[in-house]
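Trainee: Take a look at this one; I'll ask things after.
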Ligand SMILES: Nc1nc2c(ncn2[C@@H]2O[C@H](COP(=O)(O)OP(=O)(O)OP(=O)(O)O)[C@@H](O)[C@H]2O)c(=O)[nH]1
Ligand SMILES: [Zn+2]
């Protein structure tokens, strides 16, 4: 049996488990739709953030802070496989190299499209940029809603989780950190 068929059988088992009739017309294509949906929302395992960043590095003498904020993403928590919906805010201070702007949201997508905990995703984005760009500093802040805390469990629909990862000047220099916080604080979810 192919891996695809095995996946679709697992979905049929889940449908039966929750009390559905797997043979009713509306559910006929559901196992293959779910498989394709998962291939997309978990597609980050097949992508390499290092390659993405290295594909668009440009020499630059600029050494001022670059901030890309409000990068919306969808991820899934590794505990319940329920959505994490949020925004990432990313900043770096170049050190001879800048990266193509679009590559930063692409890297956010790579890590988001894996099973995650928010703290780890924040660190992974930060480390990927730090390794590829070797900048004077990197800062990543993520502000997200966890459906496992809203749809079920503790059922808190107004609560958001904010995490950050800081490297280089953002960690060492309070003024640099404060500048980043001032820029992103207006974007934090209400
Ligand atoms: N640190 C962290 N925890 C997370 C994240 N996403 C989900 N969780 C938590 O993972 C924990 C799993 O706890 P368990 O007690 O094993 O699972 P549970 O019985 O379903 O817990 P409840 O959600 O409290 O009902 C929960 O507290 C979740 O809120 C995340 O990104 N980071
Ligand atoms: Zn969860």
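For all residues, glycine too, the Cβ spot is worked out from N, Cα and C.
Annotations in TrEMBL come from automatic prediction, not curation.
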Trainee: Record says 77, 80 bind Zn(2+). Source is TrEMBL. Which of 126, 148 does it list for that same site?
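Mentor: Among 126, 148, only 148 appears alongside 77, 80 as Zn(2+)-binding in TrEMBL.
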Trainee: Applying the rule Cβ within 8 Å of the centroid of the Cβ atoms of 77, 80, 148, what extra residues of the same chain belong around the Zn(2+) site?
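Mentor: Same chain, not in 77, 80, 148, Cβ within 8 Å: 76, 78, 79, 81, 82, 84, 146, 147, 149, 153.
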Trainee: How many other Cβ atoms are found within 10 Å of the Cβ atom of residue 77 (Zn(2+) binding site), counting all protein chains shown?
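Mentor: Other Cβ atoms within 10 Å of residue 77 (Zn(2+) binding site): 18.
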